[in-house]
Structures are given as structure tokens and as C-alpha cells.
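**Student:** Before I ask anything, let me first share the structure, which is written out below as C-alpha cells.
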Amino acid sequence: MNEIVPTVASAEIARPAGWRGFVADWSSDQKAFRNVSWGKAMMWVFLLSDTFIFGSFLIGYMTVRMSTVVPWPNPSEVFALEIAGHHLPLILIAIMTFVLISSSGTMAMAVNFGYRRDRRKTAILMLATALLGATFVGMQAFEWSKLIAEGVRPWGNPWGAEQFGASFFMITGFHGTHVTIGVIFLLIIARKVWRGDFDRERRGFFTSRKGNYEIVEITGLYWHFVDLVWVFIFALFYLW
Amino acid sequence: MVDVMHGTPEPLSAAETDDVELYHPKSWVTKYVFSQDAKIIAIQYATVALAIGLVALVLSWLMRLQLGFPGVFSFIDPDRYYQLITMHGMIMVVYLLTALFLGGFGNYLIPLMLGARDMVFPYVNMLSFWIYFLAVLVLVTGFFLPGGPTGAGWTLYPPQAILSNTPGQQWGIIVMLVSLILFIIGFTMGGLNYVVTVLQGRARGMTLMRMPLTIWGIFTATVMALLAFPALFVGAVMMLLDRLIGTSFFMPAIVAMGERLAYKGGSPILFQHLFWFFGHPEVYIVALPAFGIVSDLISTHARKNIFGYRMMVWALVAIGALSFVVWAHHMYVSGMHPSFGFFFATTTLIIAIPTAIKVYNWVLTLWRGDIHFTVPMLFALGFIVTFVNGGLTGLFLGNVVVDVPLSDTMFVVAHFHMVMGVAPILVIFGAIYHWYPKVTGHMLDDRLGKLHFWVTFLGAYLIFFPMHYIGLMGVPRRYHEIGEMAFVPPSAATLNEFITVVALIVGAAQLVFLFNLIWSIRRGRPAGGNPWRATTLEWQTPQTPPAHGNWGKTLPVVYRWAYDYSVPGAAEDFLPQNQPPTPRTG
């Protein structure tokens, strides 16, 4: 009754074909996603949930924009700058978008060097990412103060529907908060990389678990997500 | 399905993950207060949820006193009555049911039933509880602030929720929204843990299709919660902005108390959409764990394998998915294009199919089973009956033409209390009677349990059956006092008195339960490791109650599904999931 059957490697188990095979494979032993660590899986699930938050914000904004009877201010005009005598619509937003997308590039490089255990380059690239992110937030602060100086408030503005200011401050504010949290997150992890925590398997201050270089990639997932969300905000708020 | 049946031993795959290192608490505070052990966190969640649930119970008594004996209790004025309704509804749905099923049972059962040492991120799990606790505290402050808690109804519909003549407009609505935002943040931390533990942290041999249905129910509900709560989060943030800094997301141009307010151009219907995109999945967030738990209770106490395990799993997943496309059936009376009404009525009625599959499978599991009328089994059977009753009136209300006249009557109150109030709470009681021996090592008292069951179960029917009737007569809901209406006969008032008296008795019966809970911690009959002779892993732990890390030195290995009851030829009438298969003898 109590004899233990010897175990064999999972490769020897034949999987049924078709949908049943797909389900059997996905629902098989221990892990649904074979090579995905707990931390990475958790970040993905969190991002899925966060997608619904940003989705609700954007759908809410689009609903009020469509249901309001007052004309919506023209974003190309509102977000235009006069530079050296030229009237350039959306120029600041274009630069911000460029900066944020570039930061995704440096982040991807940081992940690469992290897995090569190149502490110096990883930390420098993460700092560069954080710097670009901080620049983005700085430009957003400039944009906010310019609009506030022109009289845009969450409860009204000189050009039309008052939901314009409300949606603008709420959505860019919520996204900017995400970027700021990302910058802080990047700085903390960059410090750990620099100090060599992941080479010496130093234990975390709060969780007392050993860290490893995968955290760089997990940070990267969050960062790319924030970047991707910006693309949707850019398209749906500024270009519409 | 070969994978789950007893019989031919299937070769076992090699371990895919190393055993985890656990955080070992060094002091009393890190062991019992800021604990990172999912079992302690579960008890903390359950205690806070039951405590705040008692507050909601008292609120419902006060409401019933007013409805049964209008004018007798002068301290319940209309404002107070709306505050009672609002707080009762919100506490029961969010702070009791959601927190208890997912935070309480989820935390306790997921690691144990899956053969894991703990949740994947115990530290985040601990934060989850403390943020939940903070959310409850913030909610309770509403009772003590000037103006009292909000009286906007548990749905918090604008513009009413933030107009100056609504009770609690001053502070109540603010603390309510802040508390909800905190709850969602805290829940997300826990929910991520539950999902990742189920997906990535199972014992060897525990494939998804061998998981007990309890875990399937909690898992599906958690995924739904992670996707539905964001809509409430966004709605709460936007309403907070409307209330605090004067944006007009939800507020149209409006005249209140003879004064034109500064708001203009907002969409109150947008809030309803955001709220019910959360609100309808929320119904199933509290129902699916109940479905799962009931499946396991029935199988264990009827000593029979669950009928149609695979269909039970797919029905759970299908209900979860469908519940995201039915939300506007709560908004028929808000006015909508007839095509939308048709669409949402159709999707609503389609949900009846997977739900009916589940009910049939429960009944077929009982069919010719060896039914033991233990207390958990009584509650499970009570759930099936109650759920079918509440579900049938749901079929009425899912149709636009039936819903529109009934929507603002007590019929709806009776419907949702049967289907998502009484039914899940019966499961909570059943589950507590079932797992209490594992948590404490002692059985709950049987006679007190049976008394508790019969009073609660029969009482629930005596309360809510007449309520359907007075609803059909046209007695409106949300009314502080209906006074004299030509179409309401005087007998409705008599029935209301009757309902109130029964409600007080049922409420008092819960004190018997509380006494039983506390008394049995030390004085209950010693339970042993597996008092119900159940197959699932939590009953196979080396210690009872399970120690930190759950499994001692070696993790369990799973060889079979969770429902090997009454196996022919087995030494006992059940085979635990971690029992190795017998090699074939000639």
C-alpha cells in the first residue's frame, strides 16, 4: 500500500493532442508558466490589473468627452509652444514621448547587462533610465505649471468643457505618479546592483529574501508598461 | 479523465522548483501581530471581517426595527435610516464577504491545499492585511465624524452622494471613498499573492486539474477581483475629486436646495457603469469561492466523488468570464437603448447555464451518496436550496420588462439577500464548522452548531419569503416609512413586523455561534488531524494546527485528485491526495 512509485522526468509523459493537450500542458505540474519566477509572474499579474485601472481612466475620460455638450478645447493648440518665433503644436509632448521611449531603450540594455552580471554598466544604464524618467516628470511639471498659468483648473478652463482640465490633471497625474514610483524603484535597485547585493546574495531589508539580477528585468517590465500606457494617453488625449 | 482517476499510477514528474526559504519570526510581535505566516494572516483577516460583520448585523437590526415598527424608534430618522442602509450594504459586500472569502479562506487554504509552505510573497501578504485593517478603521471613523457616515446607498450613486442634503455629505462620503481605495490597494497585494501561488507555487503532482474546487473557486474569484476592482478604484478617485476639488466627472449642472451648484456637464451614468462593472463581478467574487467550498463540503460529507469535476471547473471559469458582460442589468431603470437592454438580458440569462450545471452536479454528487448530516453538510445543503431560490428570482429580474416594475420594490431586496447574502454566508458558516478543527485542533460543539443552523436557515426563509411577497404587492425599498399607500394593504405592515421579529431571533442565534467559536478553542472535543476523513492536503499535515511552514521537513507529493471517496478496495473509504498509488499486483 505504501510503496513509493519511482519518479520519472516529465518529458516522458505523453500529452494528448489539440485543445486537451494545450490545457493539460498549461495545467501541468507545479507551475503553469514553466520558466517564469514568482516575482516575474506577480509583476505580470499586477500589470494586467493596472491595465484595467488605466483602461477605466481612459474610458471614463472618453465618455465625459463625448457626453459633454460644450466644445472640447483643441489639444494641438493648448499644447503648442512658441519656440524662436515658431508656433509648434504638441512640441513639448513630442519631446516628452521621445524621452520616455528612449528610457525604455536604456532599460532594455540594463536588463541585458544585468544578466551578464556586469554590475557597473547595469547600474549606469538604470541610472540613465531613472534620469530620463525624472526628465519626463520635470517636463510634465513644466507643462502643468504652464497650463495652470494660462488658467486651466480641474473645475474649468478658458476654452471649453471643464472636463478637459479635470481629465488632463487626473490622467497625467496618475501616469506621472507611476513614472515617479518607477524612478524611485529604479534608484533603489540600481543602488543594490552597484553595491553588489545580487552577487553576494545579500538578504532584503524587509523580506529577508535573497535577491538576484532578475529584479532588474522585473523593474524593466514595470517601466516598459508605464511607457506603453503613455503611448495610449498620447494617442487618446493629445492626438484625438 | 485519466489524470484524476484512481487506477494506473501515472509517472511523477521531477520537482520543478526548489523548496523555499521561509522567514522565521524572532519575536512575539513578528509571530502573531505583524505575522508573515498565511495562516495567522488568515485568522487576522477573518477576525476583523467577522467583527465588522457584527456591526453590519446590528445595523440591519436597527433597519428592521424601523421597518417593522415605524415611528416607535424616534432616533431612527430618515437620514439615520439611509446611513444604516449604506453602511450595512457596503460592509457586508466588501468588508465582510470579500475579505472573509479571499483574505480569510484564501490565505488559510491556498497554501495548505496546494501543498505549499506559504504564499509566494509573505511580506506583501502581511501588508495586505494591515492595509485592509486600516481601510476598516477609516470606514468606522465615518460613524464618529460630524454628520455621520454617508447615506448615499451602498451604490453611492452621484449626484446624490455628494449633494449637500444627503446625510454624511460632509465627511462620511470622503472616508467611505478613501476606505474603498485603501481596501482595493490592500486587496490587490493579497490577490496577486493568491493568483501567483496557485499558478506557480503548487506541490509536485498538484496539476491545475487536480486542485480541489475550493481553490478553483477562490482562484477564479481573485482573478475577477483583480480585474473588477480597478473600475471601482477609478470611480472612487473620480468621485473623490468631484467632492473635494470640484471637478465635474459625474456631476451635471444641478440645482440643489434652491441653489445652482458650480458643477456642469458631468455624466452620472458613467459612475453607474464604472460601479457596476465592478459591482456585478463582485456578486460572483463572493459566490465562486462559495461554489468551490460547497463542492468540497458535499463531496467529503456525502463520501462521494464530485460529479463532473472537469465541468465544475469550466463552469466556474465560464461564470467568471460571463459576469464581466452583464453589468448593465443593474441599470435597466437608469434608461438605456432597447438593444442594450436586450444584449444584457441575454448575457444575464446565459449565466444560468453554467450555474445550472453546477447545481445539477451538486445534486448528482449527493445522489446515492453516503450523506452524513454533520453541521458543515447541513449548511452546504442549505446553501444549495437557498441559492436555487435566489437564482430563480434572478431569472425573473434579468428580463428588462420584469425588472423595471420590480426594481424599486422589496422583491429585489429579497432576491439579492437570498442569492448573495444568505447563500454565501451559509457557506461561510459551513466552512468555519468544517475547517475550525484544523485551525484550532478542536471541534465546534455539534448541538450548538445544529441549533445555529436550523434557526439561521429557517429564519432566513421566514425573513425573505414574505419579503418577496410584499415586494410583489408593491412595497418600495429604500423607504424610511411607507405610510399609507392605496395599493399596499395593511397586512403588509403585519408581515413587516413578523419579518423584524424573526430577524432579531436570527441575529440572536449568531451569538450562539460566536459563543461556540470562543468556547471551543480550548474546550471543544479534540479533533485529531483529519476528523472528517477528507482527502485534501490540508488534512494531511504533520501537526494540527499546522506549524509554520506547514509540512515539516518534506513537502507532500500529490498522486491523485481530491475526490477519492468510497474507493472500492481501499483500506479506508477514502484515499488522501498524497497517498501513493498501489503498484499493480498480478
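Going from the start of the chain as shown, residues are counted 1 onward.
Backbone N, Cα and C atoms are what each Cβ position is placed from, and that goes for glycine too.
Positions annotated as domain 'Cytochrome oxidase subunit I profile' by TrEMBL: B:28-559. Marked as transmembrane segment by TrEMBL: B:40-62, B:82-110, B:122-145, B:171-192, B:213-241, B:274-295, B:307-328, B:340-363, B:375-398, B:410-436, B:448-470, B:498-519.
Explain the structural surroundings of these features, please.
**Tutor:** Within the same chain, residues 31-32, 73, 76, 84, 87-88, 91-92, 95-96, 99-100, 103-108, 125-126, 128-129, 132-133, 136, 139-140, 439, 503-504, 507, 510, 514 sit at least 6 positions outside the transmembrane segment (B:40-62) and bring their C-beta atoms closer than 8 Å to a C-beta of that stretch.
The list of residues near the transmembrane segment (B:122-145) in space but at least 6 beyond its ends in sequence, with Cβ under 8 angstroms from a Cβ of it, reads 22-23, 34-38, 41, 44-45, 48, 52, 55, 87, 90-91, 95, 99, 103, 107, 168, 170-172, 175-176, 178-180, 182-183, 185-187, 189-190, 192-193.
Non-local neighbours of the transmembrane segment (B:171-192) in the same chain are 83, 86, 90, 94-95, 98-99, 102-103, 106-107, 121, 124-125, 127-132, 134-136, 138-139, 141-142, 145-152, 156, 161-162, 222, 225-226, 229-230, 232-233, 236-237, 239-240, 243-244; each lies 6+ residues outside the stretch with a CB under 8 Å from one of its CB atoms.
Under 8 Å from some Cβ of the transmembrane segment (B:213-241) lie the Cβ atoms of residues 98, 101-102, 105-106, 109-110, 113-114, 156, 158, 161-162, 173-174, 177-178, 180-181, 184, 187-188, 191-192, 194-195, 198, 247, 249-250, 271, 274-275, 277-279, 281-282, 284-293, 295-296, 306, 309, 312-313, 316-317, 319-320, 323-324, 536, 562, all in the same chain and six or more residues away from its ends.
Counting same-chain residues at least six beyond the ends of the transmembrane segment (B:340-363), those with a Cβ under 8 angstroms from any Cβ of the stretch are 291, 294-295, 298, 306-308, 311-312, 314-316, 318-319, 322-323, 325-329, 332, 384, 387-388, 391, 394-395, 398-400.
Sequence-distant contacts of the transmembrane segment (B:410-436) (same chain, six or more residues past either end, CB-CB distance under 8 Å): 92-93, 97, 100-101, 105, 108-109, 283, 286-287, 289-290, 293-294, 297, 300, 374-380, 382-383, 386-387, 389-391, 393-394, 396-397, 442-444, 449, 452-453, 456-457, 460, 463-465, 467-468, 470-472, 475-477, 513, 517, 520, 532, 538.
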**Student:** Looking at the domain 'Cytochrome oxidase subunit I profile' (B:28-559) alone, can you tell me the average pLDDT?
**Tutor:** 94
